[in-house]
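Taken verbatim from TrEMBL:
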| type | residues | note |
| --- | --- | --- |
| ACT_SITE | Glu300 | active site, nucleophile |
| BINDING | Phe118, Ala119, Val120, Tyr123, Asp208, Val209, Asp210 | UDP-N-acetyl-alpha-D-galactosamine binding site |
| BINDING | Asp208, Asp210 | Mn(2+) binding site |
| TRANSMEM | 7-27 | transmembrane segment |
Amino acid sequence: MRFSTNFKPYVLLLVVGIFLLLGYVYFNFFSERLNRDIPVDEDVKSSSPSKPMVRSRVWNMVSPEKLLYKQPSVLVGRTDVVTVTPWLASIIWEGTFDPVLVDNIYKPMNLTIATTVFAVGKYVSFLRDFLETAEMHFMVGFNVRYYVFTDRPQDVPSVNLTQGRHLSVIQVPGSNRWQEISARRMEIIQTTIESQIRREADYIFCLDVDSKFHARWGAESLGRLVAVIHPGYYDQTRANFPYERRPASMAYIPMDEGDYYYGGAMIGGFVEDVYTLTTVCRNRFAVDAGNSIEAAWQEESHLNRYLLYNKPSKVLSPEYLWQDFKAKTKEVKVIRFSGVIKNYAEVRPNV
Ligand SMILES: CC(=O)N[C@H]1[C@@H](OP(=O)(O)OP(=O)(O)OC[C@H]2O[C@@H](n3ccc(=O)[nH]c3=O)[C@H](O)[C@@H]2O)O[C@H](CO)[C@H](O)[C@@H]1O
Ligand SMILES: [Mn+2]
């Protein structure tokens, strides 16, 4: 008897439990289906293993306020440059995207963009211009988290950041070889992604500090794995690219291979894709070091090798990496980011 009187509440609880479970399963399935109907490009971040994704309820579902923009044409566009790679990644040039439209797609996603920049030794003097111009042109309207790596934290300038932007300073060791400082970026970016960036950001850009922004660098540059074409080699044949050519190096690229020569001053993409890239490059660099080899252009050589066999999903034109000493060429309509002219003997610890 005692058994049966106690039994009813259990049955009730069980039934309620089953309903809750069914509701949960149904809700999940339903929202999954909704998401599947949405045409989301592979380059649009849709999930992050750690940082809960802040994807908008997708731009074409949020009920749109009317957005007016120029009708896209199938026939009229840039013809003086190539705007797509042979593996169908876009090459981003002025005139290939509508900034208003691009912003309208990405801004509702409330993305956070990590930006790493190294300022070791005297390179700390480049920080002010880098940061001040980034505030004017880089990912304006997005949440940006700068990670400044330096051995001179006291010399990091205080720069006014606009709303939604944040800067942290991370101390790293100095070195008496610039090659080592430049190359160790891979390892430090890798470990900082592990320790914090993967929880704090959706996309990441790793940039050279001896540079300034001059014009918009916006969401058109976002993608799964993003590389930039080096301004010094975009009109050259692959045999002239300064790839690492010694087969003994892990960065080796044979003379008859190679797509573009990518600049080491910018690596970008989803945090996890850049994590894999930095892990692989750092390990290969270590293997080379164990064999007493340093690739021709340090981490830039390893980057080029990695990108040859792991194609970027978006390629930025040299508008996104120019050099101040180079005269603007006719195909470059806008210089967005450019390396400043520097006195190597003055700023580097060695020559
Ligand atoms: C335009 C471009 O693609 N530049 C690449 C190029 O030469 P760069 O002449 O641009 O190399 P660099 O001297 O600017 O060094 C690369 C970066 O390392 C950092 N740094 C370097 C030295 C130093 O004493 N302190 C310091 O903080 C700093 O962030 C600098 O921007 O080749 C290098 C190969 O190693 C890197 O791949 C650079 O990204
Ligand atoms: Mn540089």
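Glycine is no exception: its Cβ is also placed from the backbone N, Cα and C atoms.
Where the annotation comes from TrEMBL, it is an automatic prediction and has not been curated.
Where TrEMBL records a feature, it is marked here on the structure.
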| residue | record | Cβ contacts under 8 Å, 6 or more apart |
| --- | --- | --- |
| Phe118 | UDP-N-acetyl-alpha-D-galactosamine binding site | Phe149, Thr150, Val172, Ile181, Ser182, Arg185, Ile188, Val209 |
| Ala119 | UDP-N-acetyl-alpha-D-galactosamine binding site | Phe126, Leu127, Val148, Phe149, Thr150, Arg152, Val156, Val209 |
| Val120 | UDP-N-acetyl-alpha-D-galactosamine binding site | Phe149, Thr150, Asp151, Arg152, Val172, Gly174, Ser175, Ile181 |
| Tyr123 | UDP-N-acetyl-alpha-D-galactosamine binding site | Ile181, Val209, Asp210, Val347 |
| Asp208 | UDP-N-acetyl-alpha-D-galactosamine binding site | Val117, Gly264, Ala265, Met266, Gly339 |
| Glu300 | active site, nucleophile | Tyr262, Gly263, Gly264 |
Coarse DSSP state, helix versus strand versus coil, of Glu300 (active site, nucleophile): helix
Cβ-centroid neighbourhood (8 Å) of the UDP-N-acetyl-alpha-D-galactosamine site, Phe118, Ala119, Val120, Tyr123, Asp208, Val209, Asp210 excluded: Val117, Val124, Phe126, Leu127, Ile181
Structural state of Val120 (UDP-N-acetyl-alpha-D-galactosamine binding site), classified by DSSP into three states: coil
In three-state DSSP terms, the structure that Asp210 (UDP-N-acetyl-alpha-D-galactosamine binding site) belongs to: coil
Contacting recorded positions, sequence order - Phe118, Ala119, Asp208, Asp210, Glu300 vs ligand 2, Cβ under 6 Å: Asp208, Asp210
Cβ-based isolation winner (fewest other Cβ atoms within 10 Å) among the binding-site residues Val209, Asp210: Asp210
